[in-house]
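Annotated features, as they stand in TrEMBL:
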- 21-41: transmembrane segment (TRANSMEM)
- 83-272: domain 'ABC transmembrane type-1' (DOMAIN)
- 87-113: transmembrane segment (TRANSMEM)
- 125-158: transmembrane segment (TRANSMEM)
- 212-229: transmembrane segment (TRANSMEM)
- 250-271: transmembrane segment (TRANSMEM)
Amino acid sequence: MILPRRLRLAIFLLTRSFASMLGIVLVTVILGLALLGPVIVPYPDHVAGGIDLANKLQSPSAAHWFGTDEVGHDILTRVIIGARLSLLVGIGITLAAAAIGVPLGILAGLVGGPVREAIMRLTDLFLSVPGLVLAIALVAALGPGIVNAMIALILVWWPGYVRLADSKALSIRAEPYIEAARVAGAPTFRILWRHVLPNSLSPLIVKMSMDVGQAILAVASLGFLGLGAKPPTPEWGAMISIARGYLPEWWWYAVYPGAFIYAAVLGFNLLGDGLRDILDPRSHRG
């Protein structure tokens, strides 16, 4: 079977870059663990918080590859199950933020005037406070928990999509085909859906790929501060928060969840770089 030319070019651009291939491998592993986790974990009863005090704080061994925690949980099991939670939360936050920010940004850039002024000033209001600080304040107001952490991060994330979509809409709205659609009497919503959004997808896809990794890191940060998931939920940041009380003697307790956070963030960032090479021809000229 002969592959379409654009698909062959995309595969070439990805495979020629070691960084892009590493990103694909890391993201594929995280996705695989998220999908197959409940089937492949060695100690399924430890997912729900089963206690095995006879094996607490065991160092890595053949029986427990990543060692055990303070109540005997197999850390490998809980890290694998944590991949599903982290991935779902990261993707959920990114999709929700984009669903709020992209339509507002495109509307602001296309319509302009008082509408754009109102949307952009609201965006500036959220962007004036550092993201993590605002998220901590929102979770403190809503109460700790993984759902409230997601809500807080969605409220922190959407302004970035407004900014990006607005800049793309501003550059596109002067194009002749947009003016022709207006003269033909096409409603604003149709112009947004049929013309502006498809031409804004490339940078949005790249940003969303990178933001999944950043959302995973942000959720882990809130979990580390005690504002995210609560035990016995196997969330990477919460695991590190508990593990810090056992450092440095029982180092494996913190190292392996931290390594998975690092791998997830690195993988999605490298994948985003690879997608940018494909979707933005200017990035790989010469």
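Counting starts with 1 at the first residue shown.
Using N, Cα and C of the backbone, Cβ positions are placed for all residues, glycine too.
Below 8 A, the CB atoms of the transmembrane segment (212-229) and the transmembrane segment (21-41) form no more than two pairs separated by six or more positions in the chain, fewer than 3 in all. Residues 85, 89, 92-94, 96-98, 100-101, 104, 211, 215, 218-219, 221-223, 225-230, 233, 235 of the same chain sit 6 or more residues outside the transmembrane segment (125-158) yet have a Cβ under 8 Å from a Cβ within it. Using a Cβ-Cβ cut-off under 8 Å and counting only residues 6 or more beyond its ends in the same chain, the transmembrane segment (21-41) has close neighbours at 14-15, 47, 74, 76-77, 80-81, 83-84, 87-88, 260, 263-264, 266-274.
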